[in-house]
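*Asks:* Below are the structure tokens for one structure; questions will follow.
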Amino acid sequence: MLRVGLTGGIGAGKSTVAARLAEHGAVLIDADRIAREVVEPGTEGLAELVAAFGHGILDAEGALDRPALAARAFGDDESRLRLNAIMHPRIRDRTVELMAAVAPDAIVVHDVPLLVEGGMAPNYHLVLVVDAAEDVRVRRLTESRGMSEQDARARIAAQASPEQRRAAADVWLDNSGSRDIVLAQVDELWADRLVPFEAAVRLRKPRKPRSPEISPYDETWPAQAERALARVRLAAGERSVRADHIGSTAVPGLAAKDVLDLQLTVSTLDDADAIADALSDAGFVRAQGHWFDYPQDGGAAPEQLWHKRFHYGADPATMVNLHVRSARGPAWRLALLFRDWLRANPDEVAAYTEVKHRLARAHSGDGTVEHYAEEKQAWVDAGFVRAEVWASRTGWTVEDAS
Ligand SMILES: CC(C)(COP(=O)(O)OP(=O)(O)OC[C@H]1O[C@@H](n2cnc3c(N)ncnc32)[C@H](O)[C@@H]1O)[C@@H](O)C(=O)NCCC(=O)NCCS
Ligand SMILES: Nc1ncnc2c1ncn2[C@@H]1O[C@H](COP(=O)(O)OP(=O)(O)OP(=O)(O)O)[C@@H](O)[C@H]1O
């Protein structure tokens, strides 16, 4: 099952996007709808709301008078938090039930207005944010839904800012323009990303080999890595000792292949094996075969210390290499040291960039990164020696790495 979290501020267009995804075949779980279900007449939820907010929130038939509750709940923070405390656990329980009933090959779209506010982003394979300028949203809500401007603005004030949503967004859809524009983007997202993503996770599909193309440093790499790391940490649970962004994309200013290298630290490789399925299900598919860190014969160290497990991100739009290593292995420490040494030494970043460009040109016709990677390793090995010198001069330890 592929879980897509869909969110956005009130009136941004979530329902519009969700309906289109459902037309393509997505299974929709709508948090606003569940929020209605759990307070239907006769429910415990409704009784608790009445106990908290009084009989004034009921209409003549004894059902919830939604505008009356909205007027009370969005008036001040304390009331809103009281409302949330009654509603959210009930919404959560019902959501878990609905998710459990979904077919294993489904693409589930979970429409959750408060996804970012609730820190839920790492639960999804992909977070989709729909946005539109605040004034556009207020106009749509007042014109087509008959909501008062005051109510619309009060809810906006109680929700996450666009910046907070941006940090959580794997996909950002701007719905300030016409419906057609956003719907065309949704169609493309479905066909090019969600469908292959779901199949790759379910079938544990191997990744296709690629040519070594070097991109200029991308300012969004750290944020992309952070989102992936949050998912990795959640899937690994207590077996995650730490999880870091490593490799070239973790060094500001360094040109690199557009691939995020992540390192998940576990105590032992048995732990790595125990979480292999959980990581695969979360979108980081375990690669078959035996994986070793360079040098492949294990060098002077006991051979087992050089083994690792390797997973790759199944999202076709974001290349991720996930190295799962034991904290006792030397390659584990070197990965962090090499990154921090480069971050502290701009001259080395410039030299490394030059080497990468040269090798990428030389091997652009190979169709795989194998030879490129082999030759690059020579520079990296020499870099390790200089990094060690730097570490002893500056007193760097792994505890400093963050
Ligand atoms: C207060 C209620 C009765 C008002 O009902 P109304 O029909 O006017 O709005 P509806 O439920 O359709 O929600 C519309 C939008 O309001 C916003 N909103 C609703 N609840 C909240 C909240 N607690 N905090 C911030 N925004 C909210 C969301 O953007 C939502 O999509 C209702 O919103 C409610 O029960 N809210 C609490 C449950 C909740 O937090 N729902 C959000 C999804 S988890
Ligand atoms: N691109 C658009 N152009 C014009 N109107 C739009 C557009 N997208 C959505 N709308 C309209 O704006 C209103 C809000 O859109 P929608 O219901 O999809 O938002 P939502 O994010 O689901 O809202 P809520 O937060 O209340 O659940 C609706 O009346 C919808 O028909």
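Using N, Cα and C of the backbone, Cβ positions are placed for all residues, glycine too.
Remember, TrEMBL labels are computer predictions, not curated facts.
TrEMBL feature annotations, pasted as is:
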BINDING   GLY11, ALA12, GLY13, LYS14, SER15, THR16  ATP binding site
*Asks:* So if I measure Cβ to Cβ from SER15 (ATP binding site) and keep only same-chain residues at least 6 apart in sequence, which ones fall under 8 Å?
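*Replies:* Sequence-distant Cβ neighbours: ASP30, ASP111.
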*Asks:* Quick check: which same-chain residues outside GLY11, ALA12, GLY13, LYS14, SER15, THR16 lie with their CB within 8 A of the centre of the ATP site CB atoms?
*Replies:* GLY8, VAL17, VAL130, ALA132, ASN175
*Asks:* Where does SER15 (ATP binding site) sit in DSSP terms: helix, strand, or coil?
*Replies:* helix
*Asks:* Have a look at the binding-site residues (GLY11, ALA12, GLY13, LYS14, THR16) and report the one with the fewest Cβ neighbours inside 10 Å.
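*Replies:* Each of the binding-site residues GLY11, ALA12, GLY13, LYS14, THR16 was scored by Cβ atoms within 10 Å; lowest is THR16.
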